[in-house]
Amino acid sequence: MVRGISGGQKKRLTTGEMFVGPSMAFFMDEISTGLDSSTAYHIVNSIRQAVHIFKATTVISLLQPAPETYNLFDDIIFLSDGQIVYQGPLEYVLEFFESMGFRCPERKGVADFLQEVTSMKDQGQYWFHKDEPYRFVPVKEFAEAAQSFHVGIKICDELAIPFDKSKSHPAALTTSRYGVNEIELLKVCFLRELLLMKRNSFYHIFKTVQLAIMAFIMTSVFVRTKMHRNTVKDGGLYLGAMFYGLFTLLFNEFAELPMTISKLPVLYKQRDMLFFPAWAYAISTWITKIPMSFLKSGIWFVITYYIVGFDPNGGRMFRQYLLLFLVNQMASGLFQFMAFVGRDMIIANTFGSFSILVVMVLSGLLLSREKVKKWWIWGYWISPIMYAENAILVNEFLGDSWKKVTNGSTETLGVQLLKSRGIFPVGYWYWIGVGALVGYIILFNSLSILALTYLKPFGKSHVNISEEELKQKHMNRTGENFMVELSSVPSLRGKASIGFGCIEGMYGEIMRNNISTDSISDGSDAMASSQEWTKGMVLPFTPLSLCFDDIRYSIDMPEEMKAQGGKEDRLELLKGVSGAFRPGVLTALMGVTGAGKTTLMDVLAGRKTHGHIDGTISISGYPKKQATFARVSGYCEQNDIHSPQVTVYESLLYSAWLRLPSNVNPETRKTFVEEVMELIELKSLRNALVGLPGVNGLSTEQRKRLTIAVELVANPSIIFMDEPTSGLDARAAAIVMRTVRNTVDTGRTVVCTIHQPSIDIFDAFDELFLMKTGGEAIYAGPLGSHSCHLIEYFEGINGVIKIKEGYNPATWMLEATSEAQEDILGVSFAEVYKNSHLYRKNKEMIEALSSPPPGSEDLYFPTQYSQPFLTQCFACLWKQHWSYWRNPSYTAMKFIFTFFIALLIGTMFWDLGSKRANPQDLFNAMGSMYASVLFIGTNNAYSVQPVVSVERLVFYRERAAGTYSALPYAIAQILIEIPYILVQALLYGVIVYAMIAFEWTTAKFFSYMFFMYFTLLYFTYFGMMTIAMTPDNNIASVVFGAFNGTWNLFSGFFIPRASLPAWWRWYAWACPVAWTLYGLVASQFGDVHTTFEDAGASFKNQTVAEFVNDYYGYDHNFLGVVAAMTIGFTVLFAFIFAFSVKVLNFQKR
């Protein structure tokens, strides 16, 4: 959502993070991913020098090392299918394979050769014994031969001699677990937490201001001029005010869950790397939260204490402040522990909601102590909120303000109130409560330390492997033939026509013929030359050129750069860039990391959401219009963003369904998808779930191919690909680039940003657009055969180093044009280019392409989207159905949580629904309703937020691609929740209704189910709404917490509507939870005309219905309006969600 440093810079940061310590053994996995070849070379060269100087041991895995980077290594370990094929010095590896009959071609990188020579599909092209018939040599034979090779014999001899420990230096191995002493580690963790709090100050300020606003709202409800101390009923208002304060400070910390979860991946990495022990982090976060707890509880205390009118005694005043602070600290420890145990956003939210339910329901307020069942009384004694509640009430009601003795009683008013609520009326319970809260703070923080120390993150990244691939791997490894059909082996030449139709010769004047797709051959032609594909299907498209002139892109100058002396108002990232991309020409967009490649691509594709763009962009001579351009273009983003719970085939079918013209019938569409899958070699992964990157599902390479396929099934004329080979090994990169090349050969315009291309891959490009740091172009033109035009241009500049024989032109080009070389030569390559003949030629071409060809027409579509509105809705709903059905961590966890909550509340409030002896019985019954609404509804809102957040990222990509409008997505998200909430409401309602023993009549049962269903629905929609209206989970959690706290204050449970100040009664009508409790209480008790059997003098001879009407203001005859309002809130929140999705965009690009 928020773009920071580039992907390559992040990779360098990771390498630096590991290298700065005292370690002498390094294991580096794919450290060059996302880096240009020149930067990768310099990093590996620096590591090489450090290793040789410090005598360190280093093992590095690389995916696509350029020849010059590969040559920096001393030894190589070559793995294939789980076996070591060769281990030893670099200089002998080619000799080994030549002894096996395989030779590396002249212009082939050794690393690329090694990755292909053990593959069944690629091996045949390297066989050089022409006089002998070729047979496939499996990995097992290579591994056995390596043992008898002279290098393997030498290694075996070395390993056979036991190591003499007496020769090792006593300081060779570390004797301490961590780099510095434990106090220093604690200090460093503490300082980092302070820095993170400062960097995330908006969140903390927002949360604190929200708490202050809620305190002011509360004081305006419980204002002292309306608060009296004459009766027990008056004391109930003070009790409600204090309990609401405890509730707010408890719930305020619930919003910390998403932030804690988001930190866990980094914590687990650094913990496992022994940066620090888990306790150092846990204690440092605990310490940093102490001043925040003092601040938050202080704000609440200062605002509320005097205005509400609590006891004015100074000692009692500060004792309440201490108690509020301890409650906030206890809540912070509890939810941090829930985050460390849950480790997943949805699971942690569920655990958090469950823990709140247990500590609140068993606290003695929702269900008085005398009514707690004997099988739950242990829960009462372990609830931390019970101790907090007893302490704060004892502190207040044993004060001088409550010493009044009412008529007919020997006890003070305060003692009467405490006894009526089941609270212990003795002063020492305050200190018992303080001691218990301190104990719980220590307990929860200790449990957090244990959880962070011993629990591991959920999920492991794994690769989906098809049955065919398993067979091939088995054959590679053992040599046993599993009869793999040759038809499953891809054919390079034939596949160029699949899915797009053969249009050879159509664009002869603009298509380059001197670069053959064979330059990145996978060798399959040697095995399947007779298996040429003849089938094909033509989906018409219009070849389009794209030209841009003097493109400038700038953003507002960051405050950090202004603080460092930046005087400009804007920071310019692209500086007058011009160029043209044409049909049938494959263009490489290259430059060092941070040169602005992705920025330029985003600008041209219309994906930028912020900044200022100047210059002209035209499509085949007509000014670019983003709405129509999205219909004819595809954008393969660097970050492969897909819905995680759908399969590969479903992802492609969904994209084709919504992006192909509506006149393409379903059968043709499915056939087209099948052929694109064949083209991109995804058929074996047809039913594989996409999954989340780095957690489960597809591998990086498979995800890249899916990203390309998702765009190809839209049949675009212009395709942008941002680093399609990053994160892939040489062979996977060759597969992807073969796909790209085949796409270009159909007459499409394709532009790729690319890092570290091998010689073969670089040769596959037709033209190059080269950029330097600062966003300026320094070359735009043809590459020529073996990059001859590129080499000729740069070698023609005085002082530029000549390319060495066999050197990768891509690496040489980046090294020769680096900023360091500019300083040495005293030239600006951007100025050299602007003064060159090539620049003038490009300007002429841009001018020519900026004018429409005679007889041509501008792009026009009668509708903005390919499919009509209803089709978009149906397609989005279809995808959401599968996303929910395959997401048990959300759907199943919701049902499991609901089931256990139903059992919990049912057993706690067992058989209380039929008891109507006194008003306390009604309070208990209402407590069960309040608990169910509050905790299940809150859990629904919190747990849906991460689900919608993940899908929102996919939505941003799909909307930018012109797949659908915002409303069908929003409608599908709204509709898919309806059946799941219905099952949830039935599951909860039937269990609880029976166990609490409410009256079994059809009207009352269905009324109960009706209000529960729509309440859970509007809570879910409100959770979705907060995500749609805020930039991330953290802010959404805080926003929901604020509204949830306000809803509960005005729900009628803490203070009846009739007791509210006149200026707040309007909000009781605007509070959805108040309407829910109105409906539930009035439907169950509003028509009961029996009198109380065991009521005090105040309620003697009063019927249940009269009490409900007098005390709460609930009228049974008003139920129709209550039902309509409950439905109205559900519709309102759904509407605001849809509206926010449509008009708000928090993606920053």
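Residue positions begin at 1 at the first shown residue.
Backbone N, Cα and C define each Cβ position, glycine as well.
Residues annotated as transmembrane segment in TrEMBL: 202-223 (among others).
According to TrEMBL, the transmembrane segment annotation covers 235-252 (among others). Within the chain carrying the transmembrane segment (235-252), a Cβ under 8 angstroms from the stretch's Cβ atoms is held by residues 207, 211, 214-215, 218, 222, 227, 229, 296-297, 300, 304, 308, 310, 324, 327-328, 331, 356, 359-360, 365, 385, 388-389, 392-393, 396-397, 402, 413-414, 417, 421, 1041, 1044-1045, 1048-1049, 1054-1055, 1059, all 6 or more beyond its ends.
Taken from TrEMBL, the feature transmembrane segment covers 273-292 (among others).
Only residues 6 or more beyond the boundaries of the transmembrane segment (321-340), in the same chain, are considered here, and those with a CB under 8 A from a CB of the stretch are 245-246, 249-254, 256-257, 260-261, 264, 282, 285-286, 289-290, 293-294, 296-298, 300-301, 305, 348, 351-352, 355, 359, 384-385, 388, 391-392, 395, 430, 433-434, 437-438, 440-441, 443-445, 447-448, 451-452, 455. Per TrEMBL, the feature transmembrane segment maps to 321-340 (among others).
Summarising the annotation, TrEMBL assigns transmembrane segment to 346-368 (among others).
Sequence annotations record features per position, and here TrEMBL assigns transmembrane segment to 428-455 (among others). Beyond the ends of the transmembrane segment (428-455), by six or more residues, the same chain brings 267, 271, 277-279, 281-283, 286, 319, 322-323, 326-327, 329-330, 333-334, 336-337, 340-341, 343, 384, 387-392, 394-395 to within a C-beta distance below 8 angstroms of the stretch.
Marked as domain 'ABC transporter' by TrEMBL: 546-798.
Under the heading transmembrane segment, TrEMBL lists 892-910 (among others).
The list of residues near the transmembrane segment (978-998) in space but at least 6 beyond its ends in sequence, with Cβ under 8 angstroms from a Cβ of it, reads 884, 891, 894-895, 898-899, 901-903, 905-907, 909-914, 925, 928, 932, 936, 940, 1004-1005, 1008-1009, 1012-1013, 1016-1017, 1020, 1084. Annotation source TrEMBL lists transmembrane segment at 978-998 (among others).
Feature annotation from TrEMBL assigns transmembrane segment to 1010-1029 (among others).
What TrEMBL records for 1035-1054 (among others) is transmembrane segment.
Residues or ranges marked as transmembrane segment in TrEMBL: 1066-1085 (among others).
A Cβ distance under 8 Å defines the sequence-distant neighbours of the transmembrane segment (1118-1141), meaning residues of its chain 6+ beyond its ends; these are 952, 955, 966-967, 969-971, 973-974, 1007, 1010-1011, 1014-1015, 1017-1018, 1021-1022, 1024-1025, 1028-1029, 1072, 1075-1076, 1078-1079, 1082-1083, 1086. The feature transmembrane segment is assigned by TrEMBL to 1118-1141 (among others).
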The transmembrane segment (1010-1029) and the transmembrane segment (202-223) contact flag, 3+ Cβ pairs under 8 angstroms: no
PLDDT averaged over every residue in the domain 'ABC transporter' (546-798): 86
Touch test for the transmembrane segment (1035-1054) and the transmembrane segment (202-223), at least 3 Cβ pairs under 8 Å: yes
Chain residues in Cβ proximity to the transmembrane segment (1066-1085) (below 8 Å; excluding those fewer than six residues from its ends, i.e. six or more beyond): 913, 916, 922, 925-926, 929-930, 933-934, 937, 998-999, 1003-1004, 1007-1008, 1010-1012, 1014-1015, 1018, 1046-1048, 1050-1053, 1057, 1060, 1104-1105, 1108, 1112, 1114-1116, 1118-1119, 1122-1123, 1125-1126, 1129
